[in-house]
Amino acid sequence: MTVAAIVPAAGRGERLGLGRPKALAVVGGQTLVARAVDGLIEGGVDVVVVAAPPGDEDAVREALDHRRATVVTGADDRVGSVAAALDMLPATTEVVVVHDAARCLCPPAVVRAVVEAVRSGHRAVVPATAVADTLKRTGPGGQVTATVDRSGLAAVQTPQGFAAATLRAAHEQARVRRGAGEPVAATDDAGLAEDIGVTVVTVPGDPRAFKVTTPLDLAMAEALVTAGPA
Ligand SMILES: Nc1ccn([C@@H]2O[C@H](COP(=O)(O)OP(=O)(O)OP(=O)(O)O)[C@@H](O)[C@H]2O)c(=O)n1
Ligand SMILES: C[C@](O)(CO)[C@H](O)COP(=O)(O)O
């Protein structure tokens, strides 16, 4: 059974503000994209396809060095980048995990848990953590309009795992809807699977799988790498 990984790495990293793609930012001497790919391979995936920012494909290939990964050109948004990589997966692929380059310190154990849950028969699997903050709904002027009951809420990470046919069907529907001028609101692949009626299950996520989004996140990643294994 081939387990493939798609690594969306084509974002511009506007919130990080380095003036170059976030996937090429460096933590402990390694780029985020290289770290993410290493974690996936250590987690047991057989094939890796990375979506690079258009124009930065060679820089991503260089960052990946000798790693077993194919680089494709990404798109304007994450859904398009994942779709471009999905087209490149071998036909023998049965399980696919989609993993943000930006979640570069995700422990391989999370990759294994997600793959195992798909192998056991779930069509869509996400790692999830509890929400720590109190959540408020806000209106005009930032005024609080309600306190949200967080007991039924989870913060969802990547890698997200899918039966290959499910991920293909979910992206095909998104493509068709976009082609018809309909907006596709999902911010993750599990959301696209939900849109076609697939049940998504959770496995425990890990705080180290946080997404490097801002300069503070990058500093936190650097500190964690310097501190060594938890
Ligand atoms: N067009 C895009 C946009 C995002 N991503 C990837 O999706 C993941 C999650 O996206 P996010 O953290 O929001 O990254 P950016 O889009 O780069 O961030 P920003 O909004 O600050 O520019 C990242 O690994 C990013 O590279 C992608 O492959 N293609
Ligand atoms: C896919 C994701 O990492 C799940 O938490 C997240 O939705 C991606 O972040 P974005 O800011 O929505 O691109």
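Just so you know, glycine gets a Cβ as well, placed from its N, Cα and C.
All annotation found in TrEMBL is predicted automatically rather than curated by experts.
Going by TrEMBL, these are the annotated features:
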type	residues	note
SITE	ARG15	site 'Transition state stabilizer'
SITE	LYS22	site 'Transition state stabilizer'
SITE	ARG150	site 'Positions MEP for the nucleophilic attack'
SITE	LYS211	site 'Positions MEP for the nucleophilic attack'
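Distribution of TrEMBL features across the structure.
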residue	record	Cβ neighbours (10 Å)
ARG15	site 'Transition state stabilizer'	12
LYS22	site 'Transition state stabilizer'	28
ARG150	site 'Positions MEP for the nucleophilic attack'	13
LYS211	site 'Positions MEP for the nucleophilic attack'	15
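Taken in sequence order, the recorded sites ARG15, LYS22, ARG150, LYS211 that lie near ligand 1, meaning a CB under 6 Å from one of its atoms, are ARG15, LYS22, LYS211.
In this structure, ARG15 (site 'Transition state stabilizer') belongs to neither helix nor strand by DSSP; it is coil.
Cα proximity to ARG15 (site 'Transition state stabilizer') (within 10 Å) is found for the following recorded sites from LYS22, ARG150, LYS211: LYS22. For LYS211 (site 'Positions MEP for the nucleophilic attack') paired with LYS22 (site 'Transition state stabilizer'), the C-alpha to C-alpha distance reads 11 Å. Comparing ARG150 (site 'Positions MEP for the nucleophilic attack') with LYS22 (site 'Transition state stabilizer'), their Cα atoms are 31 Å apart once rounded. LYS211 (site 'Positions MEP for the nucleophilic attack') falls within neither a helix nor a strand when secondary structure is assigned with DSSP, and so counts as coil.
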